[in-house]
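S.K.: My structure is below; once you've seen it, I'll send some questions.
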């Protein structure tokens, strides 16, 4: 019985102390706030916001390094005003020789018409024997005797050339004029770079000759050709005075 009373007393004491502890924890006044804690870890990035308005242009930066590649050519502009006339340039180089006149069909047609007109307008001279027509050629003289260069200039001035026979018939026509004036005449032939080789004035090689036996023998010193009253040829220097006979 004593043991029972002691047990009850202990139980009551335990029960009483427990009630007191509970009251101190649950029913006491708030304590002093604690110190702030340290910052936590950064949170995740938020979503992109709405695009803002463009800002004002910034100042021009310094020049870059190497220049860029050239751009494409622009469109052609309007023509400018004509410039002043420049000074006359130096003469150009001599061009290559042209084709001989006898190979130009159009030129031959023109010459044929000229010959026809000459024959019609020079009828009086033809009666005097100063104009002779042979085939497609017309030979004429004014009766004057001058040197080779003067004859060449005279014939060119009237639209012709120094008479140059290319057949026996043409040679005989020239002889008839030479006999009429009882003198010699220069022919339209000149010696080339090689002694003894003669050419027409247009540069074509001679295709008909009637040299006096042993001629030519000037050995490059006699560059021109004269025709005798018998129709034979002789090489001669170009400074002698001979009858001027032109061909058209």
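Cβ coordinates come from backbone N, Cα and C, glycine included.
OK, Swiss-Prot features for this one:
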SIGNAL    1-20  signal peptide
DOMAIN    28-100  domain 'Collagen-like'
MOD_RES   30  4-hydroxyproline
MOD_RES   33  4-hydroxyproline
MOD_RES   36  4-hydroxyproline
COMPBIAS  42-51  compositional bias 'Basic and acidic residues'
MOD_RES   42  4-hydroxyproline
COMPBIAS  54-65  compositional bias 'Pro residues'
MOD_RES   54  4-hydroxyproline
MOD_RES   57  4-hydroxyproline
MOD_RES   63  4-hydroxyproline
MOD_RES   67  4-hydroxyproline
COMPBIAS  69-82  compositional bias 'Low complexity'
MOD_RES   70  4-hydroxyproline
COMPBIAS  84-93  compositional bias 'Basic and acidic residues'
DOMAIN    132-248  domain 'C-type lectin'
DISULFID  155-246  disulfide bond
CARBOHYD  207  N-linked glycosylation site
DISULFID  224-238  disulfide bond
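Each of the listed features needs to be described in terms of its position in the shown structure.
M.R.: Model confidence over the domain 'Collagen-like' (28-100) is summarised by a mean pLDDT of 77.
In the three-state DSSP scheme, residue 30 (4-hydroxyproline) falls into the coil class. Residue 30 (4-hydroxyproline) has a Cβ environment of 5 other Cβ atoms inside 10 Å.
For residue 33 (4-hydroxyproline), no same-chain residue 6+ apart in sequence has a C-beta under 8 angstroms from its C-beta.
Taking Cβ-Cβ distances under 8 Å and a sequence separation of 6 or more, residue 36 (4-hydroxyproline) has no neighbours in its chain.
Following the DSSP three-state reduction, the secondary structure of residue 42 (4-hydroxyproline) is coil.
For the compositional bias 'Pro residues' (54-65), residue counts in helix, strand and coil come to 0 helix, 0 strand, 12 coil, using DSSP.
Of all the Cβ atoms in the protein chains shown, 6 others lie within 10 Å of the Cβ of residue 54 (4-hydroxyproline).
Around residue 57 (4-hydroxyproline), no same-chain residue six or more apart in sequence has its CB under 8 Å from its CB.
Less than 8 angstroms from the CB of residue 63 (4-hydroxyproline) sits no same-chain residue that is six or more residues away.
Secondary structure from DSSP puts residue 67 (4-hydroxyproline) in coil.
A C-beta separation below 8 Å, combined with a sequence spacing of at least six in one chain, links residue 70 (4-hydroxyproline) to none of the other residues.
Remark: secondary structure over the compositional bias 'Basic and acidic residues' (84-93) totals 0 helix, 0 strand, 10 coil, with classes taken from DSSP.
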S.K.: Around residue 42 (4-hydroxyproline), how many other C-beta atoms are within 10 angstroms of its C-beta?
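M.R.: That number is 6.
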S.K.: When you measure from the Cβ of residue 246 (disulfide bond), how many other Cβ atoms are you left with inside 10 Å?
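M.R.: Excluding its own Cβ, residue 246 (disulfide bond) sees 22 Cβ atoms within 10 Å.
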S.K.: Are there any residues at least 6 positions away along the chain from residue 238 (disulfide bond) with a Cβ closer than 8 Å to its Cβ? List them or say none.
M.R.: 147, 148, 149, 186, 223, 224
S.K.: Can you tell me whether DSSP puts residue 246 (disulfide bond) in helix, strand or coil?
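M.R.: Going by the DSSP assignment, residue 246 (disulfide bond) falls within a strand, counted as strand.
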S.K.: Restricting to the same chain and to residues at least six past its boundaries, which positions have a Cβ under 8 Å from a Cβ of the compositional bias 'Low complexity' (69-82)?
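M.R.: No residues contact the compositional bias 'Low complexity' (69-82) from elsewhere in the chain.
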S.K.: I need the nearest neighbour of residue 30 (4-hydroxyproline) among the recorded positions 54, 67, 207, 246, using C-alpha distances.
M.R.: 54
